[in-house]
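Trainee: First, the structure itself, so that you have it in front of you.
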């Protein structure tokens, strides 16, 4: 099979393909043209090292550059080995993305280990390879490309920007409490007196660590491997420290001035910094992008960001730590964040285990009106510091104007964009937090500076989330706010620490848009959930049942195995059905009855609750106001 390394071989390959096509056409003039056989580009032919002994970054970049020059479908293939990818010679691009570091110029240049850019009909097939990324970099990206598939490989980071410290033992010696921590390989550290400095792997180029931090870093969550639960909480490891001793073998003893024996043996303290300096993977201005049959063992600094793209599919991807690593964290923050995507988002048959934020978040962005330079023109601004620097609108897009206080559309609320002057997503020559947008008609009456937000409703997807498993999640399971049809079906949620499914629409904090109009939650299982299990909470300050924010939510044929929690808490919904569901108690009917009402509604109408099965001892009250 041709590998695209020899010009002569390539010419013969192309000629043979043309000849076969002509022969097929001669025998059947009306037949459709056969699919063009893709050119195969093997990264090993460019010097990539599947033994994992040397840096494969330059070779992988060279293979991708060659693949880009091939004017036909292409498969980029790896051997079934281990490839090391360092950031020093990775492709570098100035990029801005949603929910990361906004316009912060310290982080504008992103290193990308595997970059598909301005390409069409390309498959990156790992063939069972493992890609090990070093330092702070994005594992892979698709930028301005179409028909892109990433498949059949695992990726991990040699030194994750998270420390998973397991409390191996606790005790008391001479009246002083102590803990012994076990630290996974890939988390270098140095003991300095009564402190620990965490060192994020040494760069071979500079001799300095890629990142560093002290003691509990900036954020902690706690994982209980036995109970299979993870939650956000305080970090007691570095309080009242008397001494820190490196015992060797990646074990650290911390002695305390206090006397009470710590009661947290077996727990894992997952500690990290808070700057989301780059996404783990990035899909931007691309169409028909698929991630399939992959192990995402860790996502550095953030998750997979899909941004202003069309049709994204994630199928059979294990977002979970490598079981051989000794780690319990698989993402610095979210696993999947879809921002301003159109077409269809499909997330199926995947595992979400061990994030530091929400596994799936699908939303748009509200831009706030900050100026009216003309009758048909507005100045709009990003309002959350983590999101800035990239375009939100293009000529031809349809927008909707909404009032912040009510979160409902203005009268005559839609217009079409005709011109945009704002950030490009790739450079800092223009202001990164504001843009001027011109529409095809005068802006509607009622648009107010500081009181109106604008959403790009062209860049909203239909969504299918099916057949997935969510566990060891410290936050919500799924966040979704899109006006297109959403189906959440056949998923298993176990031990969520916040709402399993959360629907917001937020014009006050995160500015994540917008309303849902057709949401079906069907055939899922919710086990050991926190309450409320399904939480609808738009940020409207004025609540009027006659003008709800969200519409047409159906919860049907699901099973809920719960403690004493509320199943549904919904605000500002017009049309909510809860039918054919089974709600069971976790502790059995011989225990005292639960007191939490199963259903709470605020400012909602069209509520239908019917044909459900409830265990005895549940509070089936429906609370409305």
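Keep in mind that glycine also has a Cβ here, set from the backbone N, Cα and C atoms.
The repeat 'PbH1 1' annotation in Swiss-Prot covers 342-364. The repeat 'PbH1 2' feature in Swiss-Prot is assigned to 460-482. Look at Swiss-Prot and you will find 483-505 tagged as repeat 'PbH1 3'. Feature annotation from Swiss-Prot assigns repeat 'PbH1 4' to 516-537. The feature repeat 'PbH1 5' is assigned by Swiss-Prot to 573-611. If you look up Swiss-Prot, you'll see 1-32 marked as signal peptide.
Give me the local environment of each listed feature.
Mentor: Proximity of distant same-chain residues to the repeat 'PbH1 1' (342-364), defined by a Cβ-Cβ separation under 8 Å and at least 6 residues beyond the stretch ends, is recorded for 99, 162, 219, 221, 223, 230, 270, 272, 287, 303, 306, 309-321, 327-336, 455-482, 502, 512-514.
The average pLDDT computed for the repeat 'PbH1 2' (460-482) is 99.
Sorting each residue of the repeat 'PbH1 3' (483-505) by its DSSP state yields 0 helix, 10 strand, 13 coil.
Secondary structure by DSSP for the repeat 'PbH1 4' (516-537): 0 helix, 10 strand, 12 coil.
Residue counts for the repeat 'PbH1 5' (573-611) under DSSP, helix first, then strand, then coil, are 0 helix, 23 strand, 16 coil.
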Trainee: Of the residues in the repeat 'PbH1 1' (342-364), how many are helix, strand and coil by DSSP?
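Mentor: When I sort the residues of the repeat 'PbH1 1' (342-364) into the three classes, I find 0 helix, 15 strand, 8 coil.
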